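Here's the structure, in structure tokens; my notes come after.
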């Protein structure tokens, strides 16, 4: 503090100096101003007066993170084809970019808000759309998240704690995987870490200008949280209790001022997220895409139900289990459909407090969780008698609240749970490791501190052994090595005060031993391509999602591609559900109509709308996959009825008519739904997608291309 004060005093006296006549030197002042400007940027992460080793280690960590996260991105496939198709659409249509439409003709949006699509879509517009331009912003968000976490933790717990926290975040497998993937989670996590950094700065701020004041920093945190909502909706708000708690408990101002500051941050949050909700609500529904994942074309419903309370309590109405019909064979999705819980890609994870330590979630996230919980308890005990505004305890409250609240919600989530949701826990876990480990290390002269450090080391080693034992065929020597290293590290920590010359080496050895397991798993994760709706980290195993081609599914039949490329309709084809429509869009670059949105159950388009599209010749083909009859060879067309649809044929009765023209319903004996042939099996015969499929089947003959039924709607 004295160093900073001295530097400020020198700068002030220098600015007031002049020559003997009282004239100041303009050139000197300009040079000084430029130097100060450069200094401010260069000390953003590493302020002056810190150890000489801090800057090179920080830069080395960030460079290593960038190399790992960016390595091989161009050949990693399309990741989640559903979001990749939306990004591609955003590069073809500005309206599609604004709303995150699944197709450039703006029939329906993806089931998430658009902020992440904005970033990837703009990158595609600037550099050209491909896998690299889509994934690179995600990877850079990972590097920025590591940098901001280092900066946030070091302000209150020191440079060593910041570096440990940054390293722990960088090497956690789920973080490395999702920062190399195109789901919205990467942007959400960056915004949450940035909001935490602003909260930390708000407690230290004392500037006279608004944006350098405590209130200004908190308002900035609110703005970032609002954009977090526009990335992943209600999931972003899980960290709010931790951020609010630290302001209420550790803020230096009076309690009325602290409440007022939180209120200002809340207003900023509402404004920065609500503007887009208002935009969608005020935009005429007929001239924008349908809001995917909702039943009422409402972004508010999407936020509160489908992406909010519905996921926690399991009662959301939109985006249910995917129906069987798809346009392209997808064995990965078929395997996911057989899983017992969690909707698409749920991996059968059962709700409960043990969820974080079980299933895919454990190997993706929980490597350092036992040590983090021990560090939180030990840190709170060590700081129990310190003043209310103590900054170390404030850090424990901030990140401890983040970890516990988010962990409880994710553990009890009843529906549509994906293991990669645990990514939101990683910064808090990493920060607690950094803060707790350094606080205990500085107190290592006390036996209790040494014992706690040893327990943390042993717990990490034993838990790493348990996690690696789940994949015994992968590097079988590693789990035994980690246990041996953990035992050696624990023993060395216990006798560290007796070996003062080797204390630094002991600390580094213990740190490396603890991070070796997740680092190895992360490197294996980076070496594997990840595609599909629910990627998993670590070595490949049978029955796991991801892989299997550039789009995460099987190769598309070339005859289907030729068919779509030959269509000049507004939508080259339509099919039920969005996953395989996305595959075809990415393969052909054409717009396709996803009937029913992601799940095939959204009421968009309605039967009347679909019939009007057909009457106006806006849809080329309707595609249904036959799961039950796979006898035709790929690319071999044959008829399922007499009269293959050919250009120039005469439509059957009622074909292509609008509702006002009175035709086109399925026969009454089918109850408004088709018979369960052709692999089509929607459990809700009253849904729009069921009615559309019934109408198409009743009024158009089908041709067979491989395992796909093709209905020519625009002869």
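Using the three backbone atoms N, Cα and C, a Cβ is placed for every residue, glycine included.
Record features, source TrEMBL:
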- 8-23: compositional bias 'Low complexity' (COMPBIAS)
- 24-34: compositional bias 'Polar residues' (COMPBIAS)
- 532-542: compositional bias 'Low complexity' (COMPBIAS)
- 543-552: compositional bias 'Gly residues' (COMPBIAS)
- 629-647: compositional bias 'Polar residues' (COMPBIAS)
- 673-692: compositional bias 'Polar residues' (COMPBIAS)
- 111-273: domain 'Glycosyltransferase RgtA/B/C/D-like' (DOMAIN)
- 566-630: domain 'Putative mannosyltransferase YkcA/B-like C-terminal' (DOMAIN)
- 1-34: region 'Disordered' (REGION)
- 527-552: region 'Disordered' (REGION)
- 628-692: region 'Disordered' (REGION)
- 57-78: transmembrane segment (TRANSMEM)
- 131-153: transmembrane segment (TRANSMEM)
- 160-180: transmembrane segment (TRANSMEM)
- 186-203: transmembrane segment (TRANSMEM)
- 236-255: transmembrane segment (TRANSMEM)
- 262-283: transmembrane segment (TRANSMEM)
- 365-382: transmembrane segment (TRANSMEM)
- 394-413: transmembrane segment (TRANSMEM)
- 425-442: transmembrane segment (TRANSMEM)
- 449-468: transmembrane segment (TRANSMEM)
- 474-495: transmembrane segment (TRANSMEM)
- 502-521: transmembrane segment (TRANSMEM)
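With DSSP states grouped into helix (H, G, I), strand (E, B) and coil, the compositional bias 'Low complexity' (532-542) comes out at 0 helix, 0 strand, 11 coil. Through the fold, the transmembrane segment (57-78) approaches residues 45-46, 84, 130-132, 134-136, 139-140, 142-143, 146-147, 150, 159, 162-163, 166-167, 170, 176, 179-180, 182, 522-523, 526-527, 529-531, 549-552, 586 of its own chain, all at least 6 residues removed from its boundaries and within a Cβ separation under 8 Å. Here the transmembrane segment (131-153) has Cβ contacts under 8 Å with residues 44-45, 58, 61-62, 65-66, 69-70, 73-79, 84, 87, 119-120, 123-124, 161-163, 165-166, 169-170, 175-176, 178-182, 186-187, 189-190, 193-194, 196-197, 200, 395, 427, 430-431, 434-435 of the same chain, all six or more residues outside its ends. Counting Cβ pairs under 8 Å that are 6 or more residues apart, the transmembrane segment (449-468) and the transmembrane segment (160-180) reach fewer than 3 and are not in contact.
For the domain 'Putative mannosyltransferase YkcA/B-like C-terminal' (566-630), the DSSP counts in helix, strand and coil order read 19 helix, 17 strand, 29 coil.
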